[in-house]
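Participant: Here it is, the structure in full.
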Amino acid sequence: MTAVAVVGSQWGDEGKGKITDFLSKDAAMAVRSNGGNNAGHTIDIDGKTFKMRLIPSGIFAAKDNTVIGNGVVINPEVMFSELENLEKNGIDTSGLRISNRAHIIMPYDIKQDEYQEEAKGKNKIGTTKNGIGPTYMDKASRIGIRVCDLLEKDTFEEKLRTNLEIKNELFTKVYGKPALKFEDIFDKYYEYGQRMKKYVTDTSVLVNDALDQNKKVLFEGAQGIMLDIDEGTYPFVTSSNTISGGIASGIGIGANRLDTVIGVCKAYTTRVGAGPFPTELLDETGDRIREIAHEYGTVTGRPRRVGWFDSVALRHSKRVAGINGLSLNLLDVFSGFDKIKICTAYELDGEKIDYYPASLKELYRCKPVYEELPAWEEDITQVKTWDELPENAKKFLNRISELVGVPLVTVSVGPDREQTIVLKNPWEM
């Protein structure tokens, strides 16, 4: 297979960075298709930890190019900060390519995000306030500024002046906030465009050419399927399509070009921000998992909400994203536990259901139906093969695979690349 997609199958933070780094060592190209610097990913390599929000994880290993596609929204300041940190640590970034059709997060988008969230009061979504949503709003409203616009001084000036009129009207008259000044933005962002120029190309052509040549291309999804703008827990979702279908439009490839879709999940479930979470643990067990696994947001630093593994949510993700392989992370967290629970269904108003409701009110009334399994005492962080795993760990993994209806391809027992048990090679599925 030459096209493998990696998507988060929960609410993000599943550890996609690790599996994409692991797979990218065999890839000619690693491609990101959606989101922006609201999507944190952590990579541990040779004792060094890299926390990134925008540059694709494949930057560490992909042989030819690392690509930021047209579906990504780019904060230039964040991007150049990450590039500088990578280069300072000896990582070659010369293969980075940026779509000329990608949209730019402008200062007014960040302000709008902040003001909108503030105005919602108790109904706030829990946005990272990085301007992601407003940038996608600009895109849908056809007033967005794209990378290609940033490279053309006259075009950029015209669009910026027009947009500032629109945004300042909103800021001053609706939110009662000060107007932004053209001169505080124009020179700085035009300079970003000039610095960006060497990376910019038509990435749709680049990626399709690689696929036509049967090169291995790894597609990195951001966030998680349960945050998808259409299929997630709306309105507590992100602003882009995080399912595998969003990869095609976010890169500019045909939907039939993906060979394999790997869904990444944790051995439990986490969520950041507001929204329904049927298996959430608000007790000592939840606190224990959070501290063992250091469940704090890469972007925000906020403590993540923690719950038991939810197979109902995973089956939903499998269906809407066409997942045909599971990559499970953080199995080692349960070493030393007595029992582990898996949610097998929900109870809604006294009725047992096995699907994920669209209605928020229904979701908030759902109670998880649990199956309890024994855990294990052994430290598994040095385990290299399936046969070395404790029997109870194998039973837990097999039950997850059975409930979701998807085979496991990798199991992670620690943060490093080497702490990965490979059951099936995604490149050969």
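Keep in mind that glycine also has a Cβ here, set from the backbone N, Cα and C atoms.
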Participant: Record says D13, E14, G15, K16, N38, A39, G40, H41, T128, R142, Q223, T238 bind IMP. Source is Swiss-Prot. Which of R288, R302, R315 does it list for that same site?
Facilitator: R302
Participant: Between the Cα atoms of D13 (active site, proton acceptor) and L331 (GTP binding site), what distance do you get, rounded to the nearest Å?
Facilitator: 15
Participant: Can you figure out which of N38, G40, H41, R302 (the recorded positions) comes closest in space to K18 (GTP binding site), comparing Cα atoms?
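Facilitator: Closest recorded candidate to K18 (GTP binding site) by Cα: H41.
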Participant: How many whole Å apart are the CA atoms of G15 (GTP binding site) and H41 (active site, proton donor)?
Facilitator: 7
Participant: For the binding-site residues G15, P303, which Cβ has the most other Cβ atoms within 10 Å, all shown protein chains included?
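Facilitator: Result for the most crowded candidate: G15.
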